[in-house]
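Listed in TrEMBL:
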- 12-44: transmembrane segment (TRANSMEM)
- 47-74: coiled coil (COILED)
- 73-148: domain 'Cyclic-di-AMP phosphodiesterase GdpP-like PAS' (DOMAIN)
- 347-503: domain 'DDH' (DOMAIN)
- 353, 357, 427: Mn(2+) 1 binding site (BINDING)
- 359, 427, 451, 506: Mn(2+) 2 binding site (BINDING)
- 562-654: domain 'DHHA1' (DOMAIN)
């Protein structure tokens, strides 16, 4: 229905009436004259009626607007949730009673909302035109803040106003937090060195030591409302909730320190490995995941807790050196299993890590000998040599041409490998860091033999895994296995030297990470014909390398009083070798507990880390930037060629590590 009429709306009728009047004047003048007065009257009445109707309509609309404005204002003022209006600079223009009740204030007009509520940023709201929801907390109450940006249209006021309304979801958040905190978590705990530690105590004290281990673990977790059950002499199952896990993480699993400090006459300290499931799983999946986390903790050398978090892991502890295991049963079992796998395979492909060192190439040569001893065809996949192994490769060409013929390129390996072939990864367990990652997809049979602490990335579904962080080197592990795979080692003098060189390089000439089994492996190789003079010759450097190393040491800076950081900026094909050697040399400086040297290699920044292993773990530091290794020897690659940027990333990781250690003390 039309509420507002105009005279123009009746114009057709008026024109028609006027035409009729004109015709009547012509035909009937008297009647036409009367018609003129009649038409004028009709026009007057129509105009008056339109005017009155319009005035009534306007009054009705004005009355309705007044009622609507009043209703809107009353609705806003009576809103059950807080409302506030600000200008573009966050100055409060208006608020309702529920809003002021949130604060111990009588009035907040003209005050800065951003100072009143720290999590609100008006400029950010304006940039997004109010299309966002902000989760904030005020006086222990949780709110979702909805925003609206309004353009001011009044003549005396320009710019924009921001309307914010606060929806209280404290009850929902509390319910959600309660649900989350009560979610079940499963942990598996294994005493890393149970037999060795108990055996190191006097026989009359051993029952007391075992009882003390049990009670320490049980009492510790029961303080966090957890259920603890011993399922084997060295294995425990813990069921707790997510709230308890958060508390344990806040304490950084200090039970690791409690057990390590336990002394009942045992000369070997007690260490634990703890694997914890992630949030949101049923009991079956949580148990499986805790088992995987425990395997990872053990693979990293033990004395640590590993917590699965979504698709990632969090690590706690891992500050102590892996304790050497005197029992060689595992080496014998692994050796027998590897022998059977080689026998069943069409052929064998052996790979180390990218830019292989003496340990990687020496272990590969040892595995090749094991393969040839089983009368199987074997190959070492190596795209190109590098300065770290050039001397060994040159000697192989000269002394063992038939063996050198077994060293093949990536392309040759990919063209000849079969699904029934066996791949042996040595001195590395990360697929992305292997000599040729794509080769791993060509077969389902992969063996992993490594001595580095296990990282987050690992080969998927290997048929055999032998990762022992206590070992000095992969060459040590391979040498032990060779003794169990055949009554006769059948090693040539060159092969014995290659294996010995791997042990020498990773132990820094038998000064780091050495145990009884290290020297036993060395003695086996010595009897097989290893010549230490020839081994030493493999590590001789040219004059330029010596100068490069001296230059790196000269440009070293000391941070945190005991950590040396330097860089090798020259372009050289042996830059990684120079960095590693310089990092070793920096440890000879009095008062230095750890050293890091950065250099550019293959479009990335390579970082070599070394430590004495007593105060600083270079492994835990470099793991924060995607690297890994051992307590006292580790490496990492940063995806940049800007050494300043890479150094900042490294120093941030060092600072974070030291801060975490400080909070644990």
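Yeah, the Cβs are placed from backbone N, Cα and C, and that goes for glycine too.
Here the features listed in TrEMBL are placed on the structure.
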{"residue": "353", "record": "Mn(2+) 1 binding site", "DSSP (3 states)": "strand"}
{"residue": "359", "record": "Mn(2+) 2 binding site", "DSSP (3 states)": "helix"}
{"residue": "427", "record": "Mn(2+) 1 binding site", "DSSP (3 states)": "coil"}
{"residue": "451", "record": "Mn(2+) 2 binding site", "DSSP (3 states)": "coil"}
{"residue": "506", "record": "Mn(2+) 2 binding site", "DSSP (3 states)": "helix"}
Spatial neighbours of residue 451 (Mn(2+) 2 binding site), counting only the binding-site residues 353, 357, 427 and Cα distances within 10 Å: 427
Largest tally of Cβ atoms lying within 10 Å of a Cβ, found at which of the binding-site residues 353, 451: 451
Fewest other C-beta atoms within 10 angstroms, as judged across 357, 506, which are the binding-site residues: 357
Cβ neighbour count (within 10 Å, all chains shown) around residue 427 (Mn(2+) 1 binding site): 27
Residue 359 (Mn(2+) 2 binding site) CB neighbourhood, other CB atoms within 10 A: 32
Other residues, Cβ within 8 Å of 353, 357, 427 Cβ centroid (Mn(2+) 1 site): 352, 355, 356, 359, 360, 361, 363, 426, 428, 474
Residues within 8 Å of the 359, 427, 451, 506 Cβ centre (excluding the Mn(2+) 2 site residues themselves): 357, 360, 363, 450, 452, 471, 472, 473, 474, 475, 476, 502, 505
PLDDT averaged over every residue in the domain 'Cyclic-di-AMP phosphodiesterase GdpP-like PAS' (73-148): 83
Counts by DSSP class (helix H/G/I, strand E/B, coil) across the domain 'Cyclic-di-AMP phosphodiesterase GdpP-like PAS' (73-148): 19 helix, 24 strand, 33 coil
C-alpha spacing of residue 506 (Mn(2+) 2 binding site) relative to residue 427 (Mn(2+) 1 binding site), in angstrom: 11
